[in-house]
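Visitor: Before anything else, here's the structure in question.
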Amino acid sequence: MPALRSWFNIPWGSHFSLANIPFGIISSPSSKNPRVAVAIGDHALDLEAFAANNGFSALSIIQPHQAVFSQPTLNDFAALGRPIHSVVRKYIQDVFNVDTTYPEVLKTNSSLQKQALLPLKEIQTHLPFKIGDYTDFFVGLHHAYNCGVMFRGPENALNPNYKHLPVGYHGRASSVVVSGTPIRRPHGQILLNPAAEKKEPIYTAIKKLDFELELGAFVTKSNNMGEPVPIAEAEQHLFGLVMLNDWSARDVQSWEYIPLGPFNAKNLGTSISPWVVHADALALFKVKGIENDAGVLPYLREKNDENVYDIQLTIDLTSTSGSSATIAKTNGRNLLWSYPQMIAHHTSTGCNLQVGDLLGSGTISSENDRSGFGSLLEQSDNGKVAIKLSGGEERRFLEDGDEVTFSGVCGTDEEALVGFGTVTGRIEPALKL
């Protein structure tokens with residue numbers, strides 16, 4: 001499709017083209033109250049100010065609900081449902097279109113432009129949703145296989161259930177933070193010598209701090225307790241996606257995870273990007289995921305096998321000295337299960353998801369390509385292989401002061417990119433206990 005052209009100056013190569021219109025929460029020097037906005041080029045359109053100045057005068061369906069744009073989270077807007085999101089997003093696209101149907105709304109309204117169009121460099125972004133629950137899945141097949149080989153050998157790398165259901169665990173919502181929030185190195189119970197016959201742990205600052213490259217999805221429609229979401233309807237329960245970094249303490253994880261799985265190793269912090277790319281914007285980039293050669297049960301069987309997204313994903317690591325490197329490039333298509341399948345499975349017991357719940361994909365890695373692995377655990381073979389940065393520095397796991405940046409973008413047309421921006425986090429030293 002030809003790129004949408006705007007009367008507004010959108011920089012070439014911007015993640016936030018007119019094809020995108022991602023939603024987020026901002027505050028600004030002129031108003032400290034967090035409220036709803038969309039990103040457009042290198043600006044944010046303040047939807048509270050836009051609504052208050054008759055910006056939605058030509059969109060009657062949203063007028064009874066304009067108070068949602070003054071809320072400090074996207075929950076109330078999301079709860080209006082996918083049909084209304086779609087209409088609002090298309091209306092905003094029309095308002096910015098070079099041949100807009102409504103030039104008086106913003107194109108020729110210099111007063112509202114000054115009030116509602118805020119440079120991204122001058123605003124603060126906030127956590128986009130109030131997150132009631134966070135579930136982290138494990139549907140990146142290549143990551144699951146790589147880790148399985150590392151600890152159980154190639155014959156038993158994948159557990160028998162892996163290709164029959166989207167494996168997941170309940171994470172900790174309170175430690176989900178917006179991009180830019182520092183992450184403190186945690187203390188934990190670890191084994192200094194895992195090979196010792198007598199297993200005697202110590203409590204100390206962890207040694208094997210890692211990142212995990214993931215995508216996160218927000219729920220936009222609740223289901224009643226006891227009522228599973230049918231796979232054919234699951235797509236309508238999806239608001240949109242963010243980049244997600246699920247920070248991990250690998251030495252804590254290896255000691256604690258038997259028999260009940262991840263716990264303290266994964267609750268130290270989860271970082272997400274601030275702009276939520278709506279599912280409508282991603283629809284053009286749906287592709288076929290990894291072929292599942294097992295028999296998928298009917299409640300998980302989708303009619304369309306193009307059910308994951310072609311998102312180009314990049315990991316950059318920068319040390320305090322300025323040494324840096326792009327240490328991985330992979331793609332969102334490297335998933336065995338889709339988000340509708342995750343929702344259908346999550347609710348298959350009657351579990352009631354709520355608006356604003358966050359679902360992580362699990363680590364996304366390429367197949368048989370160390371430069372496409374989404375964690376240092378894989379890239380360094382659990383600390384055996386060094387990753388090289390500029391200036392001669394090396395890493396096996398994260399050191400204090402390291403900053404990790406994930407980015408993700410769909411498309412190749414520099415005028416019509418649908419991107420996530422970035423999610424960053426810098427490691428702070430452990431507290432002295």
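Placed from the backbone N, Cα and C atoms, the Cβ positions cover glycine too.
As annotated by TrEMBL, active site, proton acceptor applies to His143. Feature annotation from TrEMBL assigns Ca(2+) binding site to Asp136, Glu212, Glu214, Asp246. Positions annotated as substrate binding site by TrEMBL: Phe138, Arg152, Gln253, Tyr257, Thr363. Summarising the annotation, TrEMBL assigns Mg(2+) binding site to Asp246, Lys266, Thr270. The domain 'Fumarylacetoacetase N-terminal' feature in TrEMBL is assigned to 19-128. Feature annotation from TrEMBL assigns domain 'Fumarylacetoacetase-like C-terminal' to 161-426.
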Visitor: Quick check for the class: what is the C-alpha distance, in angstrom and rounded, between Glu214 (Ca(2+) binding site) and Thr363 (substrate binding site)?
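Guide: The Cα atom of Glu214 (Ca(2+) binding site) is 5 Å away from the Cα atom of Thr363 (substrate binding site).
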Visitor: What are the DSSP helix, strand and coil residue counts for the domain 'Fumarylacetoacetase N-terminal' (19-128)?
Guide: 47 helix, 27 strand, 36 coil
Visitor: Quick check for you: of the recorded positions Phe138, His143, Arg152, Asp246, Gln253, Thr363, which have their Cα within 10 Å of the Cα of Thr270 (Mg(2+) binding site)?
Guide: Asp246
Visitor: List the residues of the same chain that sit at least 6 positions away from Phe138 (substrate binding site) in sequence and have their Cβ under 8 Å from its Cβ, in sequence order, or write 'none'.
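Guide: The list for Phe138 (substrate binding site) reads Ala144, Pro166, Val167, Gly168, Tyr169, Gly362, given in order along the sequence.
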Visitor: Setting Asp136, Glu212, Glu214, Asp246 aside, what same-chain residues sit with their Cβ within 8 Å of the center of the Cβ atoms that define the Ca(2+) site, listed in sequence order?
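Guide: Along the chain, the qualifying residues are Leu213, Leu244, Asn245, Ser248, Lys266, Thr270, Gly360, Ser361, Gly362, Thr363.
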Visitor: With an 8 Å cut-off on Cβ distance to the Asp246, Lys266, Thr270 Cβ center, who else from the chain surrounds the Mg(2+) site?
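Guide: Result: Tyr134, Asp136, Gly171, Arg172, Ser175, Glu212, Leu244, Asn245, Trp247, Ser248, Asn267, Leu268, Gly269, Gly360.
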Visitor: If you measure Asp136 (Ca(2+) binding site) to Gln253 (substrate binding site) at Cα, how many Å is it?
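Guide: Computed Cα spacing between Asp136 (Ca(2+) binding site) and Gln253 (substrate binding site) is 15 Å.
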Visitor: Give me the non-local Cβ neighbours of Arg152 (substrate binding site): same chain, 6+ apart in sequence, Cβ-Cβ under 8 Å, ordered along the sequence.
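Guide: Counting only residues 6 or more apart in sequence, Arg152 (substrate binding site) has no Cβ neighbour under 8 Å.
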Visitor: Nearest by CA distance to Gln253 (substrate binding site): which of the recorded positions is it, out of His143, Asp246, Lys266?
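Guide: The answer is Lys266.
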Visitor: How big is the gap, in Å, between the Cα of Lys266 (Mg(2+) binding site) and that of Thr363 (substrate binding site), rounded to a whole number?
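Guide: On Cα coordinates alone, these residues lie 13 Å apart.
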Visitor: Between Glu212, Glu214, which of the binding-site residues has its C-beta surrounded by the fewest other C-beta atoms within 10 Å?
Guide: Glu212
